[in-house]
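*Asks:* Just dropping this structure here.
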Amino acid sequence: MSACQTPVIVALDFPTREAALRLADQLDPKLCRVKVGKELFISCAADIVETLRNKGFEVFLDLKFHDIPNTTAMAVKAAAEMGVWMVNVHCSGGLRMMTACREVLEQRSGPQPLLIGVTVLTSMEREDLAGIGLDIDPQVQVLRLAALAEKAGLDGLVCSALEAQALKAAHPSLQLVTPGIRPAGSAQDDQRRILTPRQALDAGSDHLVIGRPISQAADPAKALAAVVAELA
C-alpha cells in the first residue's frame with residue numbers, strides 16, 4: 001500500500017542535489033510524492049532517486065523517453081530497476097515504442113512502476129502544433145495519442161487539466177497525471193492550459209503535479225498543507 005495519501009506530486013525542479021533535498025526535507029512523504037525531471041536527474045543521476053526513496057518518497061521519474069522501441073524499452077526497464085513509482089514516455093513515439101515498454105515491464109518480477117504516456121505538452125497551443133506541421137486543436141491530438149496509449153497497454157497519461165474530462169470519458173481506465181496545476185492566486189508561469197487543484201480533480205485528474213507554488217513558497221510545508229486542505 002502506498003505511503004502517500006494524496007494525489008499531490010511536488011516537482012523537484014532544481015539544478016542541484018542540495019537544493020532538491022533541502023525542499024524534500026521540508027515535505028511529508030505521506031502528503032506528496034516527488035517528481036525528478038531532466039535537470040535534476042542529469043545533475044545527480046540515479047543516486048537522487050535512491051536518496052529520495054530512502055527518505056520515504058515515491059518517485060515519478062519524468063524523463064519523457066522518446067526513441068526507437070528497443071532503446072526506449074531498455075530505458076524504462078532501467079528506471080524500473082531503480083525502484084521508481086512512475087515513469088513516462090512520449091506517445092508520439094508511436095504504438096510499437098509504447099508496446100515495447102509495456103512488454104519489458106511485464107517480463108520483470110517485482111513491483112512495476114506506472115507507465116505513463118505524454119500526449120501534448122501543457123506549454124503547447126494550436127499555433128505551436130501548427131509550427132510542427134499539425135494544424136489541429138491540441139485536444140484533438142491529445143485524444144489521438146491517448147487512443148494509441150490505451151492500445152499499447154499504458155497505465156495512464158500526462159495531460160492538461162483542460163483535457164482531463166474528455167480523456168476520462170473516452171478512457172476511464174487510464175490514470176491521468178496533470179502538470180500545470182496552480183493554486184488560486186498563483187502565477188501561470190510557462191504553463192498555458194491550467195486549472196486549480198480542486199478543479200483538476202473534479203475534471204478527472206488522478207495525480208496533480210505542482211512545482212513553483214510549493215517549491216518557491218516561503219514555507220513549502222505550509223504551502224503543501226494548504227493544497228491538501230483544498231482537496232479534502
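In case you wondered, yes, glycine gets a Cβ from its N, Cα and C as well.
Not measured: the values here are computed from a predicted model.
Below, the features straight out of Swiss-Prot:
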BINDING   Asp13, Lys35, 62-71, Thr122, Arg182, Gln191, 211-212  substrate binding site
ACT_SITE  Lys64  active site, proton donor
*Asks:* For His66 (substrate binding site), just give me the three-state DSSP call.
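*Replies:* Coil, per DSSP.
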*Asks:* How many Å lie between the Cα of Lys64 (active site, proton donor) and the Cα of Thr122 (substrate binding site)?
*Replies:* 13
